[in-house]
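A.B. asks: Shown below is the structure under consideration.
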Amino acid sequence: MTVETYTPNKTTTLETAKKTIAEQNENRGETATAGGNKIGFVSLGCPKNLVDSERILTQLRTEGYEIVNSYHDSDVVIVNTCGFIDSAVQESLDTIGEALKENGKVIVTGCLGAREDEIREVHPGVMGISGPHAYENVLEHVHQFAPKPEHNPFTSLVPDHGVKLTPKHYAYLKISEGCNHRCTFCIIPSMRGDLVSRPVGEVLSEAERLKNAGVKELLVISQDTSAYGVDTKHSTGFANGMPVRQNLKALSEELGKLGIWTRLHYVYPYPHVDDIIPLMAEGKILPYLDIPFQHASPRVLKAMKRPGKAERTLEQIKKWREMCPELVIRSTFIVGFPGETEEDFQILLDWLKEAQLDRVGCFKYSPVDGAAANEIEDQISEDVKQNRFDRFMQLQQEISAAKLQKRIGTTMKVLIDEVDEEGAIGRTYADAPEIDGVVYLNEEFNVKAGDIVDVAIEHADEYDLWGSVIR
Ligand code: SF4
């Protein structure tokens with residue numbers, strides 16, 4: 001699901017990826033075409049929302065709209081909102097308020113858009129509201145308030161891969177929408193509906209276009225990546241004229257053929273995940289699994305209505321590591337879920353000690369409007385939540401620090417994310433952008449963003465590494 005797996009390692013706050021068009025243009029080195037009506041855009045929330053923003057922007061550019069960098073230059077401002085937890089709702093409402101104050105003409109879309117009344121109550125002046133992945137509704141609203149410009153799509157400068165809000169060298173690849181589960185703390189299915197997988201041929205041709213545009217790392221995302229193709233009964237699609245089954249293994253195999261990094265997010269530990277591990281061991285996709293375990297106590301997992309068989313997870317992790325010793329596992333957890341006893345929490349700590357996960361994020365449970373978990377008796381006090389959070393993070397910090405110490409003296413491939421006068425920052429296969437650690441390269445001026453270089457690892461702390469490029 002959305003934010004559950006995107007808790008950064010080092011903080012409990014909801015880190016929303018607020019991307020403006022200014023950043024987008026900087027990242028992509030693109031300039032908007034002149035002559036269209038001018039649209040400002042703010043994208044909040046998780047990578048899945050970011051992909052929705054990219055789709056809307058691509059369509060707007062295709063229609064000839066100009067995408068601008070400031071509220072004042074915009075004819076209309078679109079705010080793509082997040083509505084997952086209270087702080088995300090508040091940030092979305094604040095951003096809408098800011099856009100109304102600075103510009104006045106505001107269209108709202110995204111997860112919070114599914115709760116129109118809530119938005120109207122605070123901001124009655126919003127011109128149009130639509131829910132998540134309602135691309136057509138957003139465009140209809142735009143057409144209403146900023147009429148389509150005269151435009152020749154054959155001569156405009158929409159890149160082949162569409163408009164991207166990420167830096168040029170990595171991109172999110174969304175493989176499905178919605179979710180068939182009903183976890184009690186989550187309202188995503190009520191906002192985004194049941195699972196709908198994108199046709200495998202469509203996903204693969206987007207991946208190919210991204211690679212051709214210079215992308216070096218694909219981040220596969222969805223609400224439930226392991227379930228890819230379940231809704232289509234794993235029917236057969238086509239890619240480059242060849243039949244490809246619509247399931248995670250076949251998709252991963254095909255992505256592996258592109259010769260760029262492929263990283264899987266939001267993978268639930270269903271038995272068939274075992275089939276993906278050999279692809280990691282063979283170097284076809286990155287040996288990295290982002291699995292939102294959320295808890296380890298069977299009682300709490302049952303109350304959460306989590307998918308997957310929790311009792312077997314330690315066994316599975318052991319087996320995967322035997323199959324692929326390089327495997328890095330990232331996860332997120334919720335502490336202080338209603339009814340969580342000290343005994344449940346101790347089960348979680350014991351599980352964490354045993355599992356030795358590489359990267360871990362943690363949330364203190366916070367009720368979400370409309371979530372079934374709100375009805376569970378025995379809500380946990382903020383003090384207890386904080387205490388459990390601190391103990392959990394302390395333990396994970398020790399595990400993470402010990403694991404990173406073992407990297408010292410090794411050589412790792414590093415994908416460079418940014419370079420400035422102080423040096424360069426990159427990531428290894430073990431780190432996803434924005435949520436995991438980084439590698440700092442001191443005084444490295446001969447690399448540029450998007451390069452993949454060999455780095456001798458020299459130093460580590462709890463979360464990050466330091467090293468020098470091997471020449
Ligand atoms: S219902 Fe569960 S599996 Fe589905 S998006 Fe929400 S948390 Fe994730």
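Note: Cβ is positioned from N, Cα and C throughout, glycine not excepted.
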A.B. asks: Please pick, from CYS46, CYS179, the residue that TrEMBL records in the [4Fe-4S] cluster 1 site together with CYS82, CYS111.
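C.D. replies: My reading of TrEMBL gives CYS46 as the candidate in that site.
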A.B. asks: Running a distance check here. Ligand 1 versus the binding-site residues CYS46, CYS82, CYS111: which have CB less than 6 Å from one of its atoms?
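C.D. replies: Near ligand 1: none of them.
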A.B. asks: Which whole number is the mean pLDDT over the domain 'Radical SAM core' (165-402)?
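C.D. replies: When the pLDDT values over the domain 'Radical SAM core' (165-402) are averaged, the result is 92.
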A.B. asks: Would you mind splitting the domain 'MTTase N-terminal' (37-147) into helix, strand and coil residue counts from DSSP?
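C.D. replies: Residue counts for the domain 'MTTase N-terminal' (37-147) by secondary structure: 55 helix, 21 strand, 35 coil.
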A.B. asks: These are the binding-site residues: CYS111, CYS179, CYS183. Which one scores highest on other Cβ atoms within 10 Å?
C.D. replies: CYS111
A.B. asks: Specify the secondary structure state of CYS179 ([4Fe-4S] cluster 2 binding site) as given by DSSP, simplified to three classes.
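C.D. replies: SS state of CYS179 ([4Fe-4S] cluster 2 binding site) = coil.
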A.B. asks: Which of these binding-site residues is closest to CYS82 ([4Fe-4S] cluster 1 binding site) if you go by CA atoms: CYS179, CYS183, CYS186?
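C.D. replies: Checked the binding-site residues CYS179, CYS183, CYS186; minimum Cα distance to CYS82 ([4Fe-4S] cluster 1 binding site) goes to CYS186.
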